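Feature list (source: Swiss-Prot):
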ACT_SITE  Asp247  active site, proton acceptor
BINDING   Ser214, Asp215, Gly216, Ala217, Gln218, Gly219, Gly246, Asp247  ATP binding site
Amino acid sequence: MLNHNSKVWIVNYACAIDYYLDKHKQQRGVLTPGGKGINMAIVMALFGIKPTVLTFLGQPTKDLFLQLLKPYQLDLVSFPATTQTRINVKLLDGAQTTEINDVTPLIEEQAVHEMIAYLKANVKPNDLLVLNGRFLQRDLVKLLDVAFSLTKYVVLDVDEPQLLQLLNQRQPWLMKPNRDEFVAMVNANNSNVDQQELVQLIKQFQTTQNLLMSDGAQGAYFFDQQQLLFMEAIPPQQLVSTTGAGDTLLGVFLANLLLDKDPVGSLKVAVNYASATISKLAVVNSNDQIVLKATNYYYL
């Protein structure tokens, strides 16, 4: 059974250094450690959940990444990338963020085999194993194979157009796409769907045991193959950057489930923390004071 004693493992294929720049030069540039898995681990730690993040890092930017990560005291296991760790630029223009993402580093097959060997030696059947980010498809296939062989609690938040084919009938414990990703995955011929059509698509989606879908400023959906819950978003105090909001939603939701909260309670906390992330640069951390606000929810 999945519970607070379950170890959390996060495979973040290619972490990054996020460089926030103000287009109007009203504030200095800010460097933060980035990557979906890093963001998740930071917010999960706020609830006493300490994941281990596995990633690939390459010089000359590896050392800078590790220096930026040090204040968060995360458990990180890195494997060698042949080329440098990415630097992604987040250009801020009022409430708008333009992202200029560097190319994914080159990762040799030997390094992937080393990561797989580490997972096989450490992941237990009741552990939670999260794969997130963008993978080279060759490596994603291998990591999916090993993930499903090690634990029944596999969580996927990956950017892969052919994910359904790669799953090959295997059912993750949870998937977390955003609305656009979900619609493209199940209804590729028509990306323009209204809420009624979206609800029907969700209820027909049997690829995963649980679906957590973020819908931007509208809120989030959770479907467990029996009930479909919709939680309205909390309006952020201010719009600074949406970077990391989806990672926060997933990380906080999982952390609260591990602490034995029900899905409604877990999602309430998660949408509050996602809103707080939008109100600042990078994700919320231990320096932030989060006041939980009531939010509306209903079953569809």
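Here the Cβ of each residue, glycine as well, is placed from N, Cα and C on the backbone.
It is Gly246 that, of the binding-site residues Gly216, Gly219, Gly246, has its Cβ surrounded by the most other Cβ atoms within 10 Å. Counting every protein chain shown, the number of other Cβ atoms lying within 10 Å of the Cβ of Asp247 (active site, proton acceptor) is 28. Spanning the residues Ser214, Asp215, Gly216, Ala217, Gln218, Gly219, Gly246, Asp247 that the record associates with binding ATP, the maximal Cα-Cα distance equals 16 Å. The Cβ of Gln218 (ATP binding site) lies under 8 Å from the Cβ of Glu232, Ala233, each of which sits 6+ residues away along the same chain.
In the shown protein chains, 13 other C-beta atoms lie within 10 A of the C-beta of Ala217 (ATP binding site). Each residue contributes its Cα atom, and for Ser214 (ATP binding site) and Asp247 (active site, proton acceptor) these two points are 10 Å apart. Around the Cβ of Asp215 (ATP binding site), the same chain contributes Asn178, Arg179, Tyr221, Ala233, each under 8 angstroms and 6 or more positions distant in sequence. DSSP classifies Asp215 (ATP binding site) as coil under the three-state reduction.
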